[in-house]
C-alpha cells in the first residue's frame with residue numbers, strides 16, 4: 001500500500017470517526033450529568049435523519065402545501081431542535097421518575113423507547129432506506145485532494161462535526177456554564193443552594209446531548225440512506241467506543257471516536273473481514289490493561 | 001445387489017403407502033376447507049418486498065379464483081414471523097396442526113425458509129417459498145413438499161453477468177457481503193464471468209451491517225475493473241450504490257452491477273442515483289399488457305407496484321388452487337404431483353415448470369434502471385433489456401444435489 | 001405464597017401438553033429457564049448483563065453442531081452445549097466483573113457482539129441460514145423425542161433440574177452472600193468475602209443455565225439461528241425478567257410466558273409487535289418495577305399485615 005492509499009483510507013476513516021465522536025460525545029455528556037446510558041441514542045440519531053427527510057419530502061404534501069420543502073441548511077437547525085424537544089419531554093416525564101432508583105432502570109427505559117421509535121417508523125418507511133435528496137448544490141460533486149477524489153459533502157461533514165465537537169468540549173471544560181454543569185454533577189445540593197434550578201439544567205443538558213445525536217443524523221442522511229434501523233447497530237459500536245474511551249472525559253469521547261474511526265478505516269483496507277469486529281477486540285484488550293478505559297477515572 | 005433390493009422394496013412400500021394415503025383423501029377436501037397461510041416479515045427488512053403486500057396478493061388470487069374450490073370456501077391466514085426462525089416455526093406448527101392450514105407461502109429470509117420447509121415436509125404440507133434466495137431449499141435440504149418459486153442465488157447473477165461481459169465488461173471486482181449468501185452470489189457470478197472469457201481482478205469481503213462502503217469502493221475503483229459487482233442485498237446494496245455515486249465512480253467510467261436488487265431498492269435509491277444499474281429480476285410490472293393489468297389492480301389495493309416476490313405469491317397461490325381443482329383433492333401428495341405436471345403460465349411466469357427438487361424454473365429478465373429523463377411516471381423505473389431462458393437461469397435439474405432427483 | 005406457586009408450577013407443568021400446544025409449552029419452558037438463569041444474576045447479584053444471548057445462542061449452535069456432525073445423542077448434545085456456555089461464561093465473567101452497573105452491561109453487550117459475528121462467520125454455523133435440521137434423536141436409547149409428548153416431558157425435566165439448581169443456589173449460604181453483595185458491596189468486602197470470586201461463580205452459573213436453555217431450544221426446534229445470538233435476544237430476556245419481577249423466584253417464568261404468548265399471538269397484527277414490546281418495557285420500568293409476581297407478593301403481604 002502506498003502513501004496515497006493510506007492517506008485516502010485515513011480520510012475515509014475520519015469521515016466515519018466523526019459520527020462515532022458526535023454520538024459518543026452526546027452519550028458522555030448525558031452520562032456525566034444523569035448517570036443514564038441512553039440506549040435510545042441510536043434511535044434519536046435515526047429520528048434526526050427522519051426529521052430532515054420528512055421535512056424535505058413529506059411535510060409539504062401532508063400540510064397541503066405540496067411545494068414546501070425544508071432544505072438541508074434548515075434541517076441542520078430544525079432537526080436537532082425537534083429531537084431535543086422530544087428528548088427533554090422524555091427526560092422530564094419518564095427518566096426523572098427513575099433517578100432515585102438503580103441506574104439500570106434508565107438504560108432499560110431508553111431501550112424500550114428505542115424499540116418503540118424503530119417500530120413506529122418501520123411501519124411507515126422502507127427498511128432498506130429512503131434517499132434524502134436534499135444535498136445543497138454547493139456541496140455536491142467531488143474535489144481532487146491530490147491523493148484521491150473526495151466528495152465535497154463529506155469534507156463539509158468532517159469539518160462541521162469536528163468544530164461542533166471541540167466547541168462542545170470548550171464550553172463544558174473551559175467556560176463558567178460548563179463549570180456549573182460539572183459542579184451540578186459533583187454536588188447538586190450545593191449548586192441548588194446557589195440558586196440554580198438543577199432539574200431544569202439536567203433537562204436542558206439531556207436535550208443538548210440528544211441534539212448532538214440528531215445533528216449527526218442529519219449529517220448522515222445524504223451519505224447513508226435514511227432507514228428506521230440505521231441507528232440500531234451503530235449504537236452498539238458506539239457503546240464499545242464509549243467503553244474504550246472511558247466515560248469520565250468529554251475529550252476522551254471525542255478523541256476515541258475519531259481514532260477508532262481511523263482504525264476501522266484502515267482495517268477496511270488491510271483486513272476487511274475484521275472491520276466491524278476490530279472495535280470490540282480493541283475493547284477487550286483495553287479492558288484487560290485499563291479496566292476504566294483509556295481516558296476514564298480509575299473508579300467507576 | 002443386496003442394497004438395490006432393499007432400495008427397491010423400500011421404494012415399493014413408499015409408493016404403496018403414498019398411493020393408499022392419496023386414495024384415502026382422494027374424494028375432496030380434508031376438514032371441509034382449503035386454508036392458505038401467508039407467513040412473512042411484516043416489520044423487518046423484507047416488509048416492503050413481501051410483507052403486507054404478499055397478503056394482498058394472496059387474497060387477490062383467492063378472489064380471482066372465485067373464493068371457492070371444489071365447492072368449499074378458501075380461507076386465508078397471515079402472520080409476521082419477525083425474521084425469527086423459531087417464531088416462524090411455532091406459527092407454522094400451530095397453523096398446520098391446529099388450524100389445518102394446507103399450504104404455506106412467503107417465508108422470506110433463508111433461516112426462516114429452511115426451518116419452515118423442514119417442518120412442513122415433516123408434516124406433509126406444501127410450503128411455497130417466494131421470498132428467500134438460498135439454493136439449499138432445492139439442493140441439499142430439498143423436500144418433496146417444498147417449492148422454491150421466484151428466484152435463487154444461482155439464477156440472479158447469470159443474466160446480469162452475461163449481459164455485462166458481452167457488452168465489454170470483462171474485468172470484475174466484487175464487493176461481497178461476508179456471509180454464505182454473499183459468497184454464493186459471488187461464486188455464481190464469477191463462474192459465468194469466467195465462462196465468457198472475463199476475469200475477476202479482485203474482491204473484498206464487507207462485514208454484515210457495514211454502513212460505509214467507501215473504503216471498499218475505493219479499492220474497487222483503483223483495481224482497474226470495468227465492472228463492480230455487488231454481491232449483497234437490501235440496505236447494503238442501496239448504501240454501496242449511493243456511495244459509489246457520491247464518490248463519482250460511475251461518472252469516471254466503471255459500471256455497477258447489482259446481484260440482488262428489488263424494485264423497492266430502486267425506488268429507495270431514486271433514479272438519479274441508480275440510473276444505468278443492471279440487475280436480474282423475475283418480474284417487472286411494466287413488462288407487458290398482462291403484467292400491467294394485474295399490477296394496476298394490485299397498486300389500487302396496496303398503493304405501491306408489486307415486487308417480484310409479491311407477484312410470485314399471487315402466481316403461486318393461483319397455481320396451487322388450480323392444482324387442487326385438477327386433482328380433485330387438497331391432499332398434499334396429490335396436489336404436489338399435479339403441480340409437477342402443470343405448465344405454469346400467467347402474467348408472472350411463462351412456461352414455468354416445477355422440478356422434482358421443488359425448483360420452479362422459469363424465465364428471468366435482465367433489467368436496466370432508467371434515467372430520470374426516460375421515466376414518465378412514479379413507478380416507471382426499469383427497462384427490460386433481455387430475457388434469460390429458464391434453462392440458462394437455473395441449476396439444471398440433472399445437476400441438482402437433491403436426493404429427490406433421480407440420477 | 002411460594003407454596004402456591006410451586007403447586008401451580010408442577011400441576012401446570014405436568015398438564016401443559018393437554019392445556020396448550022406442546023411446542024408452545026416447550027418454547028415457553030426454555031425461555032422461562034433462560035429468564036430464571038438471567039434473574040439469578042440480575043435479581044440476586046444486581047448485575048445487568050446485556051449479553052446473555054451469547055450463552056443462549058452459543059450453546060444452541062454447539063449443541064446443534066455436535067448432534068448433527070458428530071452424531072451425539074440429545075442429552076450429551078445438550079450437556080456439551082451447556083459446558084460450552086459455562087466456559088464462555090467464565091471467560092466473559094472474568095472480563096466483565098471488573099466493572100459494575102452500566103459499564104458491566106455495555107461490556108457484556110460488546111462481548112456478545114463478538115459471538116454474534118462468529119456465529120455468522122464460522123464455517124459450521126451455516127451463516128444466515130443457521131444450523132438446520134438438527135435431529136431430535138432418542139433419549140438414552142429408549143425415548144423417541146420425535147413424539148411431542150415425550151419431548152415435552154424431557155424439556156420439563158430439564159427445566160425442573162435447572163430451576164431447582166437456581167432455587168438451591170438462592171437459598172444456600174452462597175446465595176445469602178450474593179444478596180449481601182447486591183445490597184452492600186463494600187460491606188461484604190469488609191467482612192472478608194472475596195467479592196470478585198462470588199460474582200464470577202454466579203455469572204458462570206447463570207451463563208451455564210442460559211446455555212442449557214439455548215441447547216434445549218435447539219433440540220426442540222431442530223435449528224439454531226442468528227436470532228438466538230442477536231443482541232435483541234439479550235434485550236428480550238431482560239424484558240421477561242423485568243416484567244415478571246426480578247429478584248423473585250417465579251417472576252421470570254411468568255414474564256417469559258407473557259412475552260412468548262405476546263410474540264405468538266400478536267404475530268397476525270404485523271409490525272406492531274415491536275412497538276408493543278417496547279411500550280411494555282417503558283410502562284414496566286415506570287410503573288411496575290417489581291413485575292407481576294413482585295407486585296402480587298406485595299399485595300398479598302399488605303393484606304396479611
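Every residue gets a Cβ built from N, Cα and C, even glycine.
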Of the ranges A:179-201, A:202-224, the one TrEMBL annotates as transmembrane segment is A:202-224
Expected hit for transmembrane segment in TrEMBL across A:17-37, A:122-142 is A:17-37
Outside the transmembrane segment (A:153-172), at least 6 residues beyond either end, the same-chain residues with a Cβ under 8 Å of its Cβ set are 14-15, 18-19, 21-22, 25, 29, 135, 139-140, 143, 178, 181-182, 212, 215-216, 219, 222-223, 250-251, 254, 258
With a cut-off of 8 Å between Cβ atoms, can you find at least three pairs linking the transmembrane segment (A:236-263) to the transmembrane segment (A:202-224)? Only pairs 6 or more residues apart in sequence count. no
Top stretch by Cβ pairs under 8 Å to the transmembrane segment (A:102-121) (candidates A:17-37, A:71-90, A:202-224, A:270-289) is A:17-37
Answer key: the stretch among A:44-65, A:202-224, A:270-289 with most Cβ pairs under 8 A to the transmembrane segment (A:17-37) is A:202-224
Among A:44-65, A:71-90, A:270-289, the most Cβ pairs under 8 Å with the transmembrane segment (A:202-224) come from A:71-90
